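The structure appears below as structure tokens.
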Amino acid sequence: MSPNCRVLVLISGNGSNLQAIIDDCDDHLEAEIVGVVSNKPDAYGLIRAHQSEIDTSCVIVRKDEARSDYDARLKLAIDKYQPDLIVLAGFMRILSDEFVQGFEGRMINIHPSLLPKYTGLNTHQRAIDAKDTEHGASVHFVTPELDSGPIILQAKVPVYDEDTADTLADKVHQQEHAIYPMVVKWFSQNRLQMKDGKAFLDGKALEDMGYAAD
């Protein structure tokens, strides 16, 4: 995809992972964030985008709107930017199978757990409740099954007895900010792809748990 891989970021909130990717794109020329799309008009990530002079769009859910209708409007907003890669960075909305399939191999997500453990929400408290000794974050290709696409990269953090969901979240966020820009860079350098339901890096299929960055 290099040079000038066109990256579009979808957000719903603070946008800290968006900021990490913005900062990394400033350091290398393979990728350019061409737009940020939010389903929440008050998302702080939109301010981050404006501060970096990145174009933004809001696609807000209308009252009683069918998911298919919303996804059609979201697709129109995405297509405007003609992205090579779509990055979900805290986009808190489940996308339809048809929508996801339309961007297969070009959409990635970051999830705050060591997948396949703890899909869905409240991952930090669930890790503590299970008395896990390690926790972390996973970057994966997006497929129709929630949080179940081919894993690209994981990073681990230790879980201590004194950890709370908040302290664990802080540790995981630090790792997210390191690994998500790395995966975007791999894609922009044409090193990363998805085929036959698996993630490939430099032409080699990754293990089921992805490339582990301890």
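Cβ atoms are placed via backbone N, Cα and C, with glycine included.
Copied over from TrEMBL, here are the features:
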type: ACT_SITE; residues: His111; note: active site, proton donor
type: BINDING; residues: Gly15, Ser16, Asn17; note: N(1)-(5-phospho-beta-D-ribosyl)glycinamide binding site
type: BINDING; residues: Arg67, Met92, Arg93, Ile94, Leu95, Asn109; note: (6R)-10-formyltetrahydrofolate binding site
type: DOMAIN; residues: 6-184; note: domain 'Formyl transferase N-terminal'
type: SITE; residues: Asp147; note: site 'Raises pKa of active site His'
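Where TrEMBL records a feature, it is marked here on the structure.
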residue	record	contacts (Cβ under 8 Å, 6+ apart)
Gly15	N(1)-(5-phospho-beta-D-ribosyl)glycinamide binding site	Val36, Ala43, Tyr44, Gly45, Leu46, Arg48, Ala49, Ala89, Gly90
Ser16	N(1)-(5-phospho-beta-D-ribosyl)glycinamide binding site	Gly90, His173, Glu176, His177
Asn17	N(1)-(5-phospho-beta-D-ribosyl)glycinamide binding site	Ala89, Gly90, Ile110, Glu176, His177, Tyr180
Arg67	(6R)-10-formyltetrahydrofolate binding site	Ser96
Met92	(6R)-10-formyltetrahydrofolate binding site	Ser12, Gly13, Asn39
Arg93	(6R)-10-formyltetrahydrofolate binding site	Ser12, Asn39, Val61
Leu95	(6R)-10-formyltetrahydrofolate binding site	Asp71, Leu74, Val142
Asn109	(6R)-10-formyltetrahydrofolate binding site	Leu88, Phe91, Val139, His140, Phe141, Val142, Asp147, Gly149
His111	active site, proton donor	Thr119, Thr123, Ala137, Ser138, Val139, His140, Asp147
Say we define neighbours as other CB atoms within 10 Å of the CB. Which of the recorded positions Ile94, Asp147 has the fewest?
Ile94
Reduce the DSSP letter at Leu95 ((6R)-10-formyltetrahydrofolate binding site) to three states and note it down.
coil
According to DSSP, collapsed to three classes, what secondary structure does Asn109 ((6R)-10-formyltetrahydrofolate binding site) have?
strand
Within 8 Å of the Cβ centre of Gly15, Ser16, Asn17, which other residues of the chain have their Cβ, at the recorded N(1)-(5-phospho-beta-D-ribosyl)glycinamide site?
Ile11, Gly13, Asn14, Leu18, Gln19, Ala20, Gly45, Arg48, Ala89, Gly90, His177
Going by DSSP, is Ser16 (N(1)-(5-phospho-beta-D-ribosyl)glycinamide binding site) part of a helix, a strand, or coil?
helix
